[in-house]
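TrEMBL lists Gly105, Glu106, Ser107, Gly108, Ala109, Gly110, Lys111, Thr112 with the feature ATP binding site. Annotation comment: TrEMBL describes 12-698 as domain 'Myosin motor'. Marked as domain 'TH1' by TrEMBL: 977-1163. Annotation comment: TrEMBL describes 575-597 as region 'Actin-binding'.
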Amino acid sequence: MEVKTSLLDNMIGVGDMVLIEPLSEDTFIENLKKRFDHNEIYTYIGSVVISMNPYKSLPIYTAEKVEEYRNRNFYELSPHVYALADEAYRSLREQDKDQCILITGESGAGKTEASKFVMSYVAAVCGKGQEVNKVKEQLLQSNPVLEAFGNAKTVRNDNSSRFGKYMDIEFDFKGDPLGGVISNYLLEKSRVVKQPRGERNFHIFYQLLSGASDDTLKKLKLDRDFSKYNYLSLDSATVNGLDDAASFRTVRNAMQIVGFMEDEVQSILELVAAVLKLGNIEFKPESRCNGYDESRVKDKNDLKEMCELLGIEQSVLERAFSFRTVEAKMEKMSTTLNVAQAYYARDALAKNLYSRLFSWLVNRINESIKAQTKSRKKVMGVLDIYGFEIFEDNSFEQFIINYCNEKLQQIFIELTLREEQEEYVREGIEWTNIEYFNNAIICDLIENNKNGILAMLDEECLRPGTVTDETFLDKLNTVCAEHQHFESRQSKNSKFLTDHSLPHNCFRIQHYAGKVLYRVEGFVDKNNDLLYRDLSQAMYKANHSLIKILFPEGNPAKVNLKRPPTAGFQFKASVGTLMKNLLSKNPNYIRCIKPNDKKAAHIFTDSLVCHQVRYLGLMENVRVRRAGYAFRQAYEPCLERYKMLCKQTWPHWKGPARGGVEVLLTDLQVPAEEFAYGRSKIFIRNPRTLFFLEEKRRQCLEDLATLIQKIYRGWKSRTHFLLLKKSQVVVAAWYRRFAQQKKYQNIRSSALVFQSFIRGWKARKLLRELKHKKRCEKAVSTISAYWHGTQARWELRRLKEEARNKHAVSVIWAAWLGTKARRELRRLKHEARSKLAVSVIWACWQGTKARRELKRLKEEARRKHAVAVIWAYWLGLKVRREYRKFFRANAGKKIYDFTIQRIMQKYFLGLKKMPSMSPVDKSWPARPYGFLDGTHQELRRIFHLWRCKKYRSQFTEEKKATYEEKLAASELFKDKKALYPSSVGQPFKGDYVEMTKNPKYQKLNSFVEDKVLVADVVSKINRANGKGAPRIFLLTKKSLVLADQKTGQVKASVPLPDLSSVSVSTQNDGFFALKLKEGSTSAAKGDFLLSSDRLIEIITKLHCIGATSADRNKINIDISDEFLVQFKQDKVCVKFIQGTPKNGNGVACKRKNNRLLEVSVPSP
């Protein structure tokens, strides 16, 4: 059986704000916070989805989640944007109702991401196929293109949409996407020319400079350095978490998928580059003979490159920046533009060029993604538009944005009430009128064709004569003074005359979300949004294919003298069309809320969320939903959820679901006024009744769970017992089978053994009988053979005996003859030996006597030799005793000296292989003995001094001076300035701007008479805001000069005798202050606070010039993290601190007050 789930299951806080009890702003915020802390970022108000930006990735957008919410009831699962997207898609597909999804909220609340999730869900659940997948991919890939050209980094959001977008996605009858149409509203084109502090221009500028190839940039005449373009803010050029290079590749790929041709992409990039070049065009005043001021372009290089990109003649565009042609009836009049007007014309052209390019992009995307069939189509609209804005300084943009939100709030209340009324009528419930705040009176105050603020603004813009923002405010004070939602300091209503929180140049409107103070400054200019006709005609003359399309009014053949519609009129018409479109569709709402201003996860700022809840009108929405019946549910799921509370409906109800619900509520004794029966739904008036049912259901589920556990445990135990019993039977059967098999095998084995023994015994018995018979037969033959042999041996023995007897006679005779001969021989020998013995005995006696004499002589000689040896030893002993004391005193020293002499000789011979002659080579042979340590180090020092002298003898005078400067830098900054180690390996080049080669600096080169020692680009720090302005810094032996970087015009020239000291910090920064002597002519404007990457070289050369000059004192170098700088009449303290600047890893200077400039230096 399928398990039914509900929004109320496992609920953290309250999933639907309609059910919150008691209802108050505090409980509303507390419920949002509780769900946000548990990563529940979605909450319902009826069918409205509240979305909290978590500022982190959550695992709730996976493919499994898509399948989980697919084709499920809206209240069946926990709140999610997928539930709303699924409800809208199923209503469009099954009920044939056109849908629209309205996504609102302030910047950074996650509107763009919510629209992406809606589109990705619809793309995932709709049909598949090659053509369908292509359409889905084109619809999804249109987002990166529009984000690159329409989104920017703001202080509230790193990817803030600076335009409103409405996309109609068209489907066929099966629910497969066919195409789409995109509408854009109010691009913030003023961002092109100026960005607030901490924000940056549109993404495409930074993506182009970071991600384009070198060849592409060369074709577009661009450089990767952001600082070279005036329209790009540098304090937030790089954003953590945004990879502009990778984003540029993504945009190029998306444009290819959407269907842009390569030449179209190139044309778009050329226009983007032209806007950057346009911002670098600067003007200078030039007086004419008639007394009028005329503007001229200072440096025509950027103008020339821009004209080459767009194919415009340089002279045509240059004249359009200097003159303006005014046509009235049949007359033409040409007037000159001063510098301020020229800058206004330049910025107006840049804004119009970019905004028209953006509109063309939207139209071009629509051509690619529009449906190809003309059959009837179903439509789902997705509106991603800016929310209500209340800033410290609100201008024309906030006024029309809030007007749009007033209209959206009006249609939201009307559609919500209409939906409620239709459901009550459809279910047969009596409808009662609901009191609510109708903001139609505010909309009428703004859009009324006669007395509306927009109408009066248009009237003021079209009025002849002097038109200013003050005259517009006067007109508002006259017409709208009695309106209850309009307030002004100069209004006829005197109650505001003492309201000092309301300035004179402002007016206040009581919007549905609260009071908003608008500053009228810029209202007229922004509403006019004029582009001089000369510039339009100059643009139309371009050879660029896209420029002619963007500026059709510049066609001389179609000159229209009628004034173009104002920005307010156009936006009002667009909002009217949008409202008409939304009223024709079934609405679905996503209200986005930003939990904190830090863009950090896990932080919930109650005051900020409360502010957004108020201006989004969420409490009003809850009150409207709760005005009648707070909760409603179809009978079937209601009965399925609560049937266990009544014995009659549990476990199965046989009958209609409505009857089961009636029985259930009657059994629970719910008061009749707390509910009503509709045709298909049960309506519950108070959330307490629903929570009562939920509490009853929870208790009943606990009892049922206990019962189920008991039954389950019994079933589990019985099952286990039966399993054990069955197992025992099986085990016993298998054991008996095994025992019988074992017994049979033993019996069979025994029988086989017995049989084998019997067979063996019989075989052995037969063998013995056969062997006995064989031995008997063999014995007869053997005995016969032995007998014949015995007889033969006896005969042989007899014959041998006879032969031996005959031989014995011969032998005996021979032996006798031999015996006789030997006897005779012995006799003869005895006689001879007797004669010889006498001679031998005599000889032996003589020998004995001689040996005795020899022994006596030897003994005598030994005695004489022993005496001589003993005497010699005695003499030697006496000599040794005499000289022993002398020998012991000198022998050790002589041996030591000899040994030392040999060691030193060997040591010096070992030093033949000397190290290299390079002074930086620190190698040296190891010492062989410890006592040579001092000599070893001294020789090493002498050798190093000698090779250093040899090395210095090769220096030229110029190189010698460079090393002297490096030595001076070491004495000044070593261990004192953190920037010094990085400068050691950098040579002191001196001229870094190529003064002699650059023709732009010829005039400056002629101004300086002496030799330029240092020429570099530095930043001159402005005490007002801490920002730097680029300047050319020139240093000679007599003076230092500061000049404009672009024009080369000299801004200041200071003689070196007027310079008293230089102050720097100990940190890793390039800031230094040039302090001038009080009373000197150069000190009129005060000291100079500069910043340079080559600080070490500049100050070293300043110090060297002062040290070598005899006619002036030495320049003092003050190294401290806090010093005073004289600006005209005021002294300002410059303080250096370590920290992480907002603009990345660089050094940031910021004004804290009128007397303090604080410089943030990155920690090492």
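Using the three backbone atoms N, Cα and C, a Cβ is placed for every residue, glycine included.
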Among Gly105, Gly108, Gly110, which are binding-site residues, the residue with the most C-beta atoms within 10 angstroms of its C-beta: Gly105
For the ATP site built from Gly105, Glu106, Ser107, Gly108, Ala109, Gly110, Lys111, Thr112, further residues of that chain with CB within 8 A of the site's CB center: Asn53, Asn157, Ser160, Ser161, Gly387, Cys592, Lys594
Residues in the region 'Actin-binding' (575-597) grouped by DSSP into helix, strand and remaining coil: 9 helix, 8 strand, 6 coil
Number of other Cβ atoms within 10 Å of the Cβ of Ala109 (ATP binding site) across all protein chains: 24
C-beta crowding around Ser107 (ATP binding site), within 10 angstroms: 19
For Lys111 (ATP binding site), the number of other Cβ atoms found within 10 Å of its own Cβ: 28
Long-range Cβ environment of Thr112 (ATP binding site), under 8 Å and at least 6 residues apart: Asn143, Glu147, Asn151, Asn159, Ser161, Asp384
CB within-chain contacts under 8 A for Glu106 (ATP binding site), separation at least 6: Arg156, Tyr386, Gly387, Phe388, Glu389, Cys592, Lys594, Gln612
